[in-house]
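Comments concern the structure below.
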Amino acid sequence: MADRQRWVIKIGSALLTNDGKGLDCALMQTWVDRMVALRERGIEVVIVSSGAVAEGMTRLGWSARPDSVHELQAAAAVGQMGLVQAWETRFQQHQLHTAQVLLTHDDLSDRKRYLNARSTLLTLLGFGVVPVVNENDTVVTDEIRFGDNDTLAALVANLVEADRLLILTDQEGLFDADPRSNADANLIREARASDPAIVRVAGGGGLLGRGGMATKVRAGKLAARSGAITTIASGRSPEVLIELADGQGPGTTLLPDTTPMNARKQWLAGHLQMRGRLVLDAGAVVRLREGGSSLLPVGVVDVFGQFSRGEMVACEDERGERVGCGLVNYDAADARRICRKKSAEIAGVLGFMNEEELIHRDNLVLMEAGSRVSGA
């Protein structure tokens, strides 16, 4: 193991609460003890912690989870106090401090705020503080929601350039079939995060997909973009942390590709909300994938959605498969007017020309083939 590593550890509500009814402080103490042991081995730790809503419900005396978004946000606000206090109290027993970091997708979609969040987290780690990260449920809306803490943890792993993302769950890892209905199901010990077959296994219907394994595999793909190894493992015992540090292999390990994206493209790839879609002809797809070119308007056959200059759009081929995503140089109305046109014709059509490309290659991230694009 390298002299110093950095791990992002995502712990779900089921591993921190008493059946969803408030925090299990004794169990949290065990988690903290094991994370302190990791630090003593030279492993920096960032925690992505669930449990705020469950703790808030207990403090408010609610026996049933509310349906109202505002009530859930209120519970999260109340519970976040208890969650942070619980982590801080237990780390202080080891003379360590924690820091609360609440994020929304907007924080990571804006380049300046992204860099500020990164600088803050790295500064905290430099001071020996343990960051405790969660989504800012009190103010978040559907438009800026990460959707789940697995995705948030992956983006944090990219943000701090973690060596490992550890997603702890109530399952042993990813199986090649549903182990609850198939006694012959085998645990997948290791795979490439970019392997499309892994996504199909995790989300190809049945209980595995509904149980959230698909989101964990997608998080592994996202974390792999910065070179992080992802391990999906059972968190029923906090000893899993020590086992992994000892080089043992519980769970499923998703390996990154050999060349991680540079910092800017990591940020671009972290945009989960696309403001629109550009449909590319076959020639444009080949030029992007094989030649590393910018996207010119002549290669765009259709434009969907409403977006402004500088916003993130998805690029897809004519079969609807993801090619990439990037920051567009023209708004939706202008993009529709210049699609299928040569760059030399832009000024004549619009009366001006911002750039000769619809998306410059420096602002474009290519995706592996076989990924469907959701409608914009």
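Glycine too: its Cβ is placed from the backbone N, Cα and C atoms.
Taken from Swiss-Prot, the feature ATP binding site covers Lys10, Thr169, Asp170, and the record attributes it to sequence analysis. Residues annotated as substrate binding site in Swiss-Prot, with sequence analysis given as evidence: Ser50, Asp137, Asn149. The feature domain 'PUA' is assigned by Swiss-Prot to 275-353, with sequence analysis given as support.
Considering only the binding-site residues Lys10, Thr169, Asp170, the residue whose Cα is spatially closest to the Cα of Asn149 (substrate binding site) is Lys10. Cα of Lys10 (ATP binding site) to Cα of Asp137 (substrate binding site): a span of 17 Å. Of the listed binding-site residues, namely Asp137, Asp170, the sparsest CB environment within 10 A is found at Asp170. Around the Cβ of Ser50 (substrate binding site), the same chain contributes Ile11, Gly12, Ser13, Leu16, Asn134, Asn149, each under 8 angstroms and 6 or more positions distant in sequence.
Here the CA atom of Asp137 (substrate binding site) lies 21 Å from the CA atom of Thr169 (ATP binding site). Helix, strand and coil residue tallies for the domain 'PUA' (275-353), in that order: 28 helix, 24 strand, 27 coil [DSSP]. DSSP assigns Asn149 (substrate binding site) to a helix in the three-state reduction. Cβ neighbour count for Lys10 (ATP binding site) (all protein chains, 10 Å cutoff from its Cβ): 30.
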